[in-house]
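Structure first, commentary second.
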Amino acid sequence: MGLSDGEWQLVLNVWGKVEADLAGHGQEVLIRLFKGHPETLEKFDKFKHLKSEDEMKGSEDLKKHGNTVLTALGGILKKKGHQEAELKPLAQSHATKHKIPVKYLEFISDAIAQVLQSKHPGNFAAEAQGAMKKALELFRNDIAAKYKELGFQG
């Protein structure tokens, strides 16, 4: 299920737009995640108290975490499917410490696609959307495999 060179180029092209404002994009992704799937908010002790979108937009901690999430994802995407070294510690922490189910990774993948579509429609046409969907699915499948190795049934 790997991506072609052309598909990776589409993914990295739009990701270049994201990197111009990782914190802003990340904050918007997390807000969409929490609004669309409020149950995910319960996994974040630091953000549980944020109930409204305005509270979320005003949270520097949320913005910082959004930056962290998208920085890590960008590092993985740039590996073009050769992300073993980057995935192992991420899977370890998300399985054993944070206990994040794979389903939640699907939810955040959807939120990422929605943010990219709304902020960068010119760089995120159907072909780029398909490529990003494949890249994020590859990431989730690899995380799920690592979870299984760790004995986490997320």
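Quick reminder: no glycine exception, Cβ is built from N, Cα and C everywhere.
Under the heading domain 'Globin', Swiss-Prot lists 2-148, citing sequence analysis as support.
Residues annotated as phosphoserine in Swiss-Prot, with similarity to another entry given as evidence: SER4. Long-range Cβ neighbours of SER4 (phosphoserine) (same chain, at least 6 residues apart, Cβ-Cβ under 8 Å): none.
The O2 binding site annotation in Swiss-Prot covers HIS65. Cβ-based neighbour count (10 Å, all protein chains) for HIS65 (O2 binding site) stands at 18.
The nitrite binding site annotation in Swiss-Prot covers HIS65.
Feature annotation from Swiss-Prot assigns phosphothreonine to THR68; the stated evidence is similarity to another entry. Packing around THR68 (phosphothreonine) is summarised by its Cβ count: 13 other Cβ atoms lie within 10 angstroms of its Cβ, all protein chains included.
Positions annotated as heme b binding site by Swiss-Prot, on the basis of similarity to another entry: HIS94. Annotation note: HIS94 (heme b binding site) sits in a helical segment as assigned by DSSP.
Residue environment of HIS94 (heme b binding site) contains 23 other Cβ atoms, counted within 10 Å of its Cβ in all protein chains. Cα-Cα distance from HIS65 (O2 binding site) to HIS94 (heme b binding site): 14 Å (rounded to the nearest whole number).
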